[in-house]
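Structure record follows, encoded as structure tokens.
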Amino acid sequence: MLHGRLRDILRLLMAAEAPVTSSFFAAQLNVTTRTVRNDIKELQGVLSGHGAFVQSVRGSGYKLRIDDEQVFRTLLQDEFQQKKGLPVLPEERMAYLMKRLLLADHYLKLDELAEELFISKSTLQTDLKEVKKRLLPYRIVMETRPNYGFKLRGDEVQMRYCMAEYIVDERETEIDVLNEKADILPKEEIEIIRSAILKKMKNDRIPLSNMGLNNLIIHIAIACKRIRTENYVSLFPKDMDHILHQKEYQAAEAIVKELESKLSVTFPKDETAYITMHLLGTKRMTQSQCGEDTFSIEEETDQLTLAMIKAVDRELKLGILHDKELKIGLALHMKPAISRNRYGMNLRNPMLAAIKEHYPLAFEAGIIAGIVIKEQTGIEIHENEIGYLALHFGAAIERKKTESPPKRCIIVCASGAGSAQLLREKLRSHFGKRLDILGTAEYYSLDQMSYESIDFVISTIPIKKELPVPVLKVNTILGGTDFTKIESILSDEKEKANRYLKKELVFFQEDLRSKEEVIQFLGQKVVECGFADEEIIDSIFEREDMSPTCFGNLVAIPHPLVPQTKTTFWAVCTLKKPIDWESQRVQFVCLLCVEKENKADLQSMYKLLGSILDDPAAMNQLIKCRSYQELSDVFDQKMLS
């Protein structure tokens with residue numbers, strides 16, 4: 001019932017807390033506002049009778065209203081769980097074309113492919129230019145033959161890596177849904193591969209993570225498919241010699257023996273070595289998953305891990321230097337990671353986009369760790385690998401939060417002792433040990449109190465006096481918004497944007513057409529204002545080369561690879577029209593500059609930025625801003641909401 005673009009509009013409406021304009025939808029979807037209005041009219045027809053409707057709010061935009069949650073939920077289940085048909089959005093077509101070309105064992109004709117997708121030849125040719133860009137890192141080319149059409153050519157190992165990345169939907173992590181989406185092998189054969197791997201892993205007591213197992217199944221399934229069409233890998237003698245001396249080679253031989261008998265596929269020696277490469281590069285379980293006695297860490301890996309943690313803690317001030325679980329988790333991750341790099345393997349990371357969007361601080365920690373790895377080993381870490389490193393650092397950040405001492409407060413309540421007692425018990429019940437309530441106080445006594453041991457005041461009445469600590473006004477009978485206000489204090493989320501914004505470095509509706517133009521523009525403005533040297537621009541591009549800083553929701557947050565400035569601040573720019581920033585559309589750019597030798601905890605700043613990344617309505621407001629004060633107010637309102 002809903003084609004791809006309608007699904008995306010519905011997703012954006014569901015995520016927005018405030019009305020969203022047609023221009024915001026147009027920028028996100030790369031269509032005109034007229035197309036958006038037509039789409040919303042079509043969406044309205046679908047939602048009619050399904051418990052929801054799109055409300056047009058005069059002067060503000062569109063908002064989703066839900067009348068019957070149960071009926072609406074049924075619609076969502078029907079729409080989002082059914083198998084997708086033909087692609088509609090450009091990004092959907094990219095994914096379709098990549099799969100189509102990679103799986104084709106014959107030449108494809110332009111006319112036939114355009115007809116298959118219900119698009120014009122010119123649109124298809126534009127799409128194929130983007131396909132060629134995506135094939136470039138794998139050194140795969142599109143070979144054209146007159147009267148026949150075109151097909152892909154490249155090194156077999158790289159072809160298989162590309163297939164693993166693009167044939168299987170990167171969001172799918174469970175192997176039982178991989179087969180129906182990817183069409184690599186029949187389901188029964190996938191099960192045979194899974195059983196052969198698990199049998200050997202169990203016999204040899206090799207601990208394997210669920211994601212590691214799934215990646216291994218994918219690569220072996222692709223190998224089977226390619227061998228059947230007589231496409232074989234050929235490894236360098238140096239690599240073969242190294243692989244043959246690994247204990248994993250024997251495990252690969254056992255798996256191959258079972259597959260040959262059950263799948264009627266013959267694996268040459270190089271193909272067995274290819275499976276060994278993936279066994280060497282497979283993610284293993286962590287210490288907590290497989291027990292103390294099932295792993296050992298080499299001295300070299302131990303030292304590298306410690307250097308990574310020290311660098312991250314020095315740059316970001318996370319207080320994670322003595323986190324034993326982090327050290328063990330990273331060390332266990334590094335050995336297969338180094339093997340993956342040795343053989344040019346690119347581990348799929350279905351969580352990468354979510355990690356970058358929701359855990360920007362942890363991802364930055366992964367970037368810093370990647371720099372250390374390159375400095376000490378010469379290994380260039382891929383973006384997917386950085387995402388996995390970020391997970392380890394993100395877990396350490398969360399563990400650190402639980403170690404924080406409780407916040408201390410007093411209660412001011414004008415309704416009497418009974419109300420104060422109810423309020424106190426409700427707070428204790430909700431926040432537990434995170435909140436230490438020192439007692440209650442009368443309004444008139446606030447001037448005589450010492451606030452040295454008090455972090456904030458909770459009051460059921462307005463307090464007009466200036467107090468040296470924050471005051472939170474709540475209802476006597478606590479509600480959801482009251483808890484949210486208190487949570488923001490307990491989580492140290494109360495951060496003001498004007499602490500980082502500088503009027504001379506905020507620009508609106510700039511007519512810039514590319515990522516390079518935007519970075520050059522903002523970097524040059526920072527230099528002209530005397531906040532950094534010219535080197536900052538090169539450093540920003542270096543960081544961008546490691547991993548694009550676009551996060552979806554029309555946002556990009558570029559920054560130097562290493563801190564370059566005397567203070568921590570933002571340079572902000574909105575654009576007249578969205579631009580392509582790698583794989584995302586971007587219209588709001590925040591150049592993040594962190595102080596050299598920074599000693600401050602930046603977690604609250606990253607939370608402030610993260611709150612904007614997650615909110616389409618807030619981003620819509622920021623893009624419409626025309627003054628510094630408007631921009632600052634949107635940020636502050638977001639933190640209060």
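Note: Cβ is positioned from N, Cα and C throughout, glycine not excepted.
Not measured: the values here are computed from a predicted model.
Swiss-Prot lists 184-289 with the feature domain 'PRD 1', giving sequence analysis as the kind of evidence.
According to Swiss-Prot, the phosphohistidine annotation covers H219 (among others), on the basis of sequence analysis. There are 24 other Cβ atoms within 10 Å of the Cβ belonging to H219 (phosphohistidine).
The phosphohistidine annotation in Swiss-Prot covers H278 (among others) and is backed by sequence analysis. Taking a C-beta cut-off of under 8 angstroms and a sequence separation of 6 or more, H278 (phosphohistidine) has the following same-chain neighbours: N215, L216, H219, I220, M345.
Summarising the annotation, Swiss-Prot assigns domain 'PRD 2' to 296-403 and lists sequence analysis as the type of evidence.
The phosphohistidine annotation in Swiss-Prot covers H333 (among others) and rests on sequence analysis. In the three-state DSSP scheme, H333 (phosphohistidine) falls into the helix class.
Swiss-Prot lists H392 (among others) with the feature phosphohistidine. Its Cβ placed at the centre, H392 (phosphohistidine) has 27 other Cβ atoms within 10 Å.
C413 (phosphocysteine) falls within neither a helix nor a strand when secondary structure is assigned with DSSP, and so counts as coil. According to Swiss-Prot, the feature phosphocysteine maps to C413.
Here Swiss-Prot flags 499-638 as domain 'PTS EIIA type-2'. Taken as a whole, the domain 'PTS EIIA type-2' (499-638) shows an average pLDDT of 89 in this prediction.
A coil conformation is recorded for H559 (phosphohistidine) in the three-state DSSP classification, outside any helix or strand. Long-range Cβ proximity for H559 (phosphohistidine), meaning a same-chain Cβ under 8 A and a gap of 6 or more residues, is found for I540, R543, T549, L591, L592, C593, V594. Per Swiss-Prot, phosphohistidine is recorded for H559 (among others), and the stated evidence type is sequence analysis.
Sorted by the number of other CB atoms within 10 A, the modified residues H333, C413 start with H333, the lowest.
When the alpha carbons of C413 (phosphocysteine) and H392 (phosphohistidine) are compared, the span between them is 44 angstrom.
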